[in-house]
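According to Swiss-Prot, the protein carries these features:
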type	residues	note
SITE	His33	site 'Important for tRNA non-discrimination'
SITE	Gly83	site 'Important for tRNA non-discrimination'
BINDING	Glu175, Arg221, His483, Arg524	L-aspartate binding site
REGION	199-202	region 'Aspartate'
BINDING	Arg221, Asp222, Glu223, Glu517, Gly569, Val570, Asp571, Arg572	ATP binding site
Amino acid sequence: MHRYRSHTCGALSTAQVGEIVRLSGWCHRIRDHGGVLFIDLRDHYGLTQVVVDPDSAAFKDAEKVRAEWVIRIDGKVRLRPEGTENPDLATGAVEVYATELEVLGPSAELPLPVFGDVEYPEETRLRYRFLDLRREKLHRNIMTRGAIIDAMRSRMKGQGFFEFQTPILTASSPEGARDFLVPSRLHPGKFYALPQAPQQYKQLIMMSGFDRYFQIAPCFRDEDPRADRLPGEFYQLDLEMSFVEQEDIFAAVEPVITGVFEQFAEGKPVTQKWPRIPYAESLRKYGTDKPDLRNPLVMQNVSEHFRGSGFKVFARMLEVEKNEVWAIPAPGGGSRAFCDRMNSWAQSEGQPGLGYIMWRDLSADAAAGGEKAVKDALEKSRGPGAGEGHVVEPGVVGAGPLANNIGPERTEAIRAQLDLKAGDAAFFVAGDPDKFVKFAGLARTRVGEELNLVDKDRFELAWIVDFPFYEYSEEEKKVDFSHNPFSMPQGGLDALNTQDPLSIKAFQYDIACNGYEIASGGIRNHRPEAMVKAFEIAGYDAQTVEERFGGMYRAFQYGAPPHGGMAAGVDRIVMLLCGVTNLREISLFPMNQQALDLLMGAPAEAAPKQLRELHIRPAPQAK
């Protein structure tokens with residue numbers, strides 16, 4: 001028999017009844033029932049119940065065992081007594097009567113329990129991550145992650161892609177975040193950079209004559225962490241294709257991502273035909289370029305209903321040409337309590353408030369409060385915008401300060417445009433859309449969640465297309481790239497030479513899923529003269545382009561094929577499919593929010609000898 005096991009702890013069934021077996025694993029839990037010890041023995045594959053009674057030679061050793069001790073047991077497989085079976089356990093029909101027990105590795109007192117789902121502080125969990133990873137849910141997440149990556153590889157190969165590995169030590173490049181720098185011992189004063197993405201290398205692969213590349217690529221960015229972004233490093237499904245247009249990329253990628261989601265969605269519906277949503281439309285309808293399409297709410301421009309109205313705040317705003325008023329419909333949100341709650345939320349977000357209109361059914365009010373209630377409601381609904389002698393018939397009317405100020409005709413026009421009914425409400429944001437769009441998107445999300453309008457049991461995928469190539473940087477007071485500087489501008493060199501830079505769109509696209517950006521890519525700018533012009537508009541001269549992107553720029557001079565690609569965030573996809581909201585729940589050994597590895601003690605001071613070899617002298621710290 002093998003030194004440690006003949007079977008795993010998830011393998012035994014009624015087929016092995018009567019056999020002598022050997023198992024090794026962790027003591028998941030130990031219970032004493034009337035002097036008989038029951039040990040739940042756990043390994044990577046499952047859990048088996050082990051029984052040790054006082055007649056067993058193993059009993060004396062078993063009495064010493066505590067939670068998370070590693071033990072080996074020999075024993076005989078038998079059926080569990082009738083009525084004690086556990087149908088939720090793969091081995092739940094049998095148990096092992098132990099005849100021999102060996103302690104392979106005792107455990108100190110546990111700083112956090114492995115059994116159960118008790119929440120513990122993140123610092124404790126990360127410092128003792130090896131214990132945390134033994135917990136069932138996290139252990140399962142990590143296994144799911146590996147299976148998802150396997151599925152990605154298999155599906156990419158099925159689409160004709162070939163896997164390559166690009167260098168980890170490379171040159172610094174402006175990918176939008178700070179680099180992690182690695183000092184060179186052999187070249188004093190010079191540094192390598194860890195790749196923020198394999199962007200230049202994958203384009204060089206296309207210029208080297210290969211046709212379809214992919215890899216599960218580690219990426220390193222020195223940026224501030226957040227829940228959906230791990231500090232330090234992350235992984236992406238990186239790909240590139242030659243001789244393609246945008247739709248060719250979509251046709252290759254869509255079945256891979258859809259297939260992976262269907263395989264691991266546990267029966268939840270997955271979008272079959274992905275919509276293509278232009279960037280500007282996504283902002284206008286959803287307030288974000290990564291919309292959660294499970295939320296049915298669509299924002300609309302209702303400026304005309306407030307222009308010249310009795311609500312002077314909005315009316316004066318609309319005298320400025322660029323300003324608009326947007327409405328966020330709230331079906332079923334027509335209660336004062338809900339509207340006040342949303343108003344308080346808006347103030348907590350740093351806004352002065354959130355204007356609203358509620359719609360009520362006057363006929364229902366009449367039944368409840370009589371004729372006087374109807375007259376009072378009618379009088380209030382007339383408002384300053386109604387005009388003398390205006391008569392409102394009983395029916396659905398607007399209520400609230402905005403409705404009182406703009407009058408029933410405008411209020412009814414808003415209701416009709418938004419397709420709302422009695423018991424519904426709408427919230428309003430006004431001003432420069434460029435400045436309020438982010439808040440409007442947050443408000444749409446908040447309304448959808450508060451009113452339980454979001455179907456949590458499905459995955460909605462969409463392409464976001466037609467991103468602006470440039471944006472104006474208020475901080476630097478200049479035009480800069482809005483996304484990937486290597487993307488092809490729509491209209492090519494001619495657009496760069498003749499159009500207002502802020503009007504140029506790029507062959508740039510993202511994949512949005514349930515409110516997250518899970519992939520981004522573009523058709524590449526493969527003509528050197530167009531590349532130089534694109535960077536010139538953003539403030540980089542030709543010499544800078546040659547210095548910073550020398551390898552790729554040189555390759556462009558020797559016959560570069562039209563090409564494009566994208567990168568999908570492995571971590572975010574796994575996070576969504578595992579049903580968690582924090583990336584640390586799907587990563588083996590993550591850092592904390594301060595970018596500290598509490599388990600390994602990184603970052604740490606380097607030894608003086610190491611620093612001397614690298615020709616580095618730490619600067620004195622300011623006091």
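Using N, Cα and C of the backbone, Cβ positions are placed for all residues, glycine too.
Here the structure is a predicted model, which means the values were calculated and not measured.
Feature map: annotations from Swiss-Prot on the structure.
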residue : record                                       : Cβ contacts under 8 Å, 6 or more apart
His33   : site 'Important for tRNA non-discrimination' : none
Asp222  : ATP binding site                             : Ala177, Arg178, Asp179, Phe180, Gly232
Glu223  : ATP binding site                             : Ala177, Arg178, Arg229, Pro231
His483  : L-aspartate binding site                     : Phe467, Phe469, Ala506, Gln508, Ser520, Gly522
Glu517  : ATP binding site                             : Asp289, Lys290, Asp510, Ile511, Gly569, Arg572
Val570  : ATP binding site                             : Arg145, Ile148, Ile149, Met152, Ile216, Phe234, Tyr235, Gln236, Leu237
Asp571  : ATP binding site                             : Leu230, Phe234, Tyr235, Leu583, Ile586, Ser587
(request) Name the secondary structure element type, per DSSP in three states, that contains His33 (site 'Important for tRNA non-discrimination'). (result) strand
(request) Among the binding-site residues Arg221, Arg524, Arg572, point out the residue whose Cβ has the most other Cβ atoms within 10 Å, with all shown protein chains included in the count. (result) Arg524
(request) Look at each of the recorded positions, Gly83, Gly569, and point out the one with the fewest other Cβ atoms around it within 10 Å. (result) Gly83
(request) Would you mind giving the whole-number mean pLDDT across the region 'Aspartate' (199-202)? (result) 94
(request) Between any two of Arg221, Asp222, Glu223, Glu517, Gly569, Val570, Asp571, Arg572, the residues recorded as binding ATP, what is the biggest Cα to Cα distance in Å? (result) 20
(request) Go ahead and report the DSSP secondary structure tallies for the region 'Aspartate' (199-202): helix first, then strand, then coil. (result) 4 helix, 0 strand, 0 coil
(request) May I ask you to report the DSSP-based helix, strand or coil state of Arg524 (L-aspartate binding site)? (result) strand
(message) Cα-Cα, whole number of Å: Arg524 (L-aspartate binding site) versus Gly83 (site 'Important for tRNA non-discrimination')?
(response) 66
(request) Would you mind pulling the DSSP three-state label for Glu517 (ATP binding site)? (result) strand
(message) Rounded to a whole angstrom, what is the C-alpha distance between Arg221 (L-aspartate binding site) and Gly83 (site 'Important for tRNA non-discrimination')?
(response) 56
